[in-house]
Amino acid sequence: MADNAQVVPVEEPAATATATATATATTEPEAKSSDQMESQSDNKPPMGTLMALVNILAAGVLPIFTFVLSLTLLGYAVWLLYMRSYDCEDILGLPRVQTLASVGLLAVFVVSNAALFLRRKFPMPALVVMVVVLLLMLFIGLAYAGVNEMQSRRFPATRMWFKLKIMDDHVTWNNIKSCVYDKGACNDLIYGSPNEKPYNRRKMPPIKNGCCMPPETCNMDAINATFWYRRKDEGPPSSMNLMYGDEMMVGRISDCQLWRNDWSILCYDCRSCKFGFIRSVRRKWWQLGIFLIVISILLLMSHLLIFLATFWERFKG
């Protein structure tokens, strides 16, 4: 019996093989998904890299940019201090205003750099002080640029202030008129009148165009630059629009009637002469207003970014 016994090989059940294959198949996607997650995590910048970028901005790029930006305040202040005042500006007290503007720009320069130096110890007070100072500078710049006309009359050397001081104050204008005459504003036209006619008024300074010649709308013919006569077949215009740069003003018939061929009178009493003087002295203050608007906005944005970077650095540190 023992010799006739046969050994039967034991085969693995099919279910066991199927389960093994299924387990192998399920582990492969899990391994792939884990590999993908690891690769994605490797692509994301670590927190240390982000903090390093914030530190570079807070400690290097933004402060240097703000300091360089504040140097324009210093340069403009020095330029105002050494810039020669226009003739007869002292009658209006504008040289004193020019000096005060220079001192104000120097003060803003000092405050801006002090805020940079103390930004880590006192970030919030430094930001508040700079916001107040820069908003005040922006408000003054809007007044000088003529954007806020209702408030600009309160500030010297603004458009409305010039109108009140020159157009509506006859005593002040008489003093300015005497000064303009004494400075010889029309002398080069009187003693060296150009021969070519009609004269190119656009190339002339505003004060020469307004004070030394009659308005173009008076329809006068010229013998030379300072001697004109009215055409007999044409009377004075019923109204005239005088264009002075960016301003359209409605003139008066009296401008044509006030013209005299006397060298001491010419058109010094005309409204066109007043507008010419205003244009000559106002351009510098209009440029100051544009500068204050631009630099205050840039400094405000720069200091705000520095505050945010410093706050983020403290929060993550």
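From the backbone N, Cα and C atoms, a Cβ is placed for every residue, glycine too.
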Exercise for review: Report, based on Swiss-Prot, whether Arg153 and Arg314 occupy the same side of the membrane.
Suggested key: no
Check your understanding: Near the transmembrane segment (61-81), which residues from the same chain, at least 6 beyond its ends, have a CB less than 8 A from one of its CBs?
Key -> 98-99, 101-103, 105-106, 108-109, 112-113, 116, 119, 288, 291, 295, 298-299, 302-303, 305-306, 309
Check your understanding: Looking only at residues six or more beyond either end of the topological domain 'Extracellular' (82-96), which have a C-beta under 8 A from one in the stretch?
Key -> 156-157, 165, 172, 175-176, 179-180, 183, 185, 277, 280-281, 284
Practice item. Measure from the Cβ of Asn224 (N-linked glycosylation site) and count the other Cβ atoms within 10 Å, all protein chains considered. Key: 15
Review point. Near the topological domain 'Cytoplasmic' (118-126), which same-chain residues lie under 8 Å Cβ to Cβ, leaving out any that are not at least 6 residues past its ends?
Key: 63, 303, 306-307, 310-311, 314
**Study point:** Sequence-remote partners of the transmembrane segment (127-147) [C-beta within less than 8 Å, at least six residues beyond its ends]
**Key:** 104, 108, 111-112, 115, 154-155, 157-159, 285-286, 288-293, 295-297, 299-300, 303-304, 307
Review point. Which value does the mean pLDDT take for the topological domain 'Cytoplasmic' (309-317) in this predicted structure?
Key: 71
